[in-house]
Amino acid sequence: MSDTLYIIIAGAILTYLTRIGGHLVLSRFDRVHPRVEAGLNAVPAAVLTTLVAPAAFSAGPAELAALVVAGLVALRFGTMSMFFAGAAVLIALRQVLG
Amino acid sequence: MTVAYLNAPAQAALLDGARLGLPVMIASAPFGLLYGALAADQGLTLFETVLMSAAIYGGASQIVGLELFGQKVPPALVVLSIFAVNFRHILYSAAVGRRIGRWPLVQQLTAFFFLVDPVYAETENRVERGGKLSFAWYMGMCLPIYVSWLAVSGIGHVFGKLVPDPHALGFDFLVTIYFFGLVLGFRKRPLWLPIVLISGVASAVAYNTVGSPWHVSIGALAGIIFAVLMPVQREMEG
């Protein structure tokens, strides 16, 4: 088997383990301690933020403007509108600013 | 399984989920094209390119893996890097397990396979808004996202070279905008702002010191530990 296939298959198995692992560990306990519960409730904000932060901190004016506009739209409208508004600002400004 | 065999509420739930899959398909398409083009560059066949998307199904980890293919890195280290990028899913499965732990086992095992970032976010959103979390709704959302991910990976492999200027089209930053929107969607949760600030700063610092992909786990843990240490609040108010 080629290295590529080996990497894909091993990577897939380990990835599936990450997608099921947290539940396998947690389901061993009969009840979840309130502090663990509080930690789990923090997961969306905590994890998703780390996918944005490095790019946001190193962003130029076009990227920052796109995030600001997307953020404002997100306060009133749904995901679709937010995404398209941000994308439109990003692409328009990159044409101008390069 | 075809829609015809499902009862009316399940059909409605399936379509309800599919509606949420649409923005994810659009936001992830440039990312998938980029992955496919990069895979072609690295000498992967079309089959290997689509297989990697189908089996690993995690865009960032696929791209990190590809970048290491070209550098004569031992295969085990490439696998470890893929694992490191996807490590955050452990937290997703712990959090979502509370919601779907009563589903039949096969449904759970299937659902966990498709537990990518946007699916996780939309699932938490659904619970927060009091919606019913059914397998039909979940798969209605997941399947279009999955199929489109495989398709754009293959398209990127074949036609990636034809995109004139990916930077001008914002390819590298579109997914960041989308994730930013997902973060904002949770703003009514307790301690949201301090968690975002702490995780944001911690991940940016870790990104510039320890390096990628560890900034994700480090940044996430910083925010979660903060939430664990705070006085316990009633959840999901407001």
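Yeah, the Cβs are placed from backbone N, Cα and C, and that goes for glycine too.
Unlike curated entries, TrEMBL annotations are predicted automatically.
For A:6-26 (among others), the entry in TrEMBL reads transmembrane segment. Counting residues 6+ beyond its ends, the transmembrane segment (A:6-26) has Cβ neighbours under 8 Å at 32, 36 in the same chain.
Counting only same-chain residues 6+ beyond the ends of the transmembrane segment (A:38-58), those with a CB under 8 A from a CB of the stretch are 32, 64, 67. The transmembrane segment annotation in TrEMBL covers A:38-58 (among others).
The feature transmembrane segment is assigned by TrEMBL to A:64-93 (among others).
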